[in-house]
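Structure first, commentary second.
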Amino acid sequence: MSDSKLTLYGLPTPNGITASIFLEELKAAYGGPDYEFVKMSISDADIGKVHNQVKADWFIKLNPNGRIPTIVHNGFPVFETSAIILYLASQFDKEHKFSYDPATDPLNYSEELQWLFFTHGGIGPMQGQANHFIKFAPEDIPYGKNRYLNETKRLYNVLAIRLQDRDWLTGPGRGKYALADIKTYSWVSKSSFIGIDLNEWPAVKAWVDRIAERPAVKAGSAVGSSS
Ligand SMILES: N[C@@H](CCC(=O)N[C@@H](CS)C(=O)NCC(=O)O)C(=O)O
């Protein structure tokens with residue numbers, strides 16, 4: 001691992017911790033990779049003032065979408081959370097402790113993609129918009145607040161169906177803690193920000209509590225909170 005250089009550009013937001021939690025899981029399971037963390041700013045107020053701004057020219061060269069998280073591994077940039085953790089798995093999760101081999105385990109790999117896409121295209125954008133309308137919008141727009149909050153809750157109902165007779169989102173039997181759990185936990189664990197009470201979905205709450213206990217999840221969630 002020592003010949004590989006990895007940098008994570010991030011922040012401890014739901015998208016940001018998806019990458020840092022998985023990197024900490026890899027470190028706990030395999031002893032690496034080591035990575036450098038660069039804290040970014042996503043605040044409009046910082047444009048032109050803070051060097052690590054996500055819309056700065058140097059950063060747009062790494063991620064044309066100008067968002068965190070982004071990684072650069074041996075000069076190769078990767079953006080979008082799910083693409084980042086799939087890339088990291090392909091490079092570093094050699095024993096498939098948190099992922100599935102597309103060549104030898106294609107059905108479980110497909111399940112992994114299904115649940116990653118479900119959260120990447122569903123929970124992430126919907127809860128992100130709920131956050132915006134409920135916490136940050138300069139005007140009070142009840143339609144926007146309700147639409148995105150209700151859609152987020154509808155997606156949590158889907159998680160509850162999936163988790164009613166299993167421990168993890170993917171894998172045979174009761175499942176295996178894997179990439180889709182990390183990606184989805186990163187959003188669901190922060191749902192109290194918009195007043196969602198997970199007691200509404202006991203199986204989802206139990207799943208969040210199981211993940212939150214993991215030392216690597218604690219470490220990954222804290223990356224960037226004080227640096
Ligand atoms: N689809 C992207 C979303 C990334 C994203 O929205 N990141 C937010 C922080 S959680 C950000 O960088 N926002 C800055 C901006 O919108 O300018 C992913 O999964 O990586």
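Any Cβ shown, glycine's included, is placed from N, Cα and C.
According to TrEMBL, the protein carries these features:
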DOMAIN    28-96  domain 'GST N-terminal'
DOMAIN    105-227  domain 'GST C-terminal'
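Across the domain 'GST N-terminal' (28-96), the DSSP tally of helix, strand and coil residues reads 24 helix, 14 strand, 31 coil.
Mean model confidence for the domain 'GST N-terminal' (28-96) is a pLDDT of 94.
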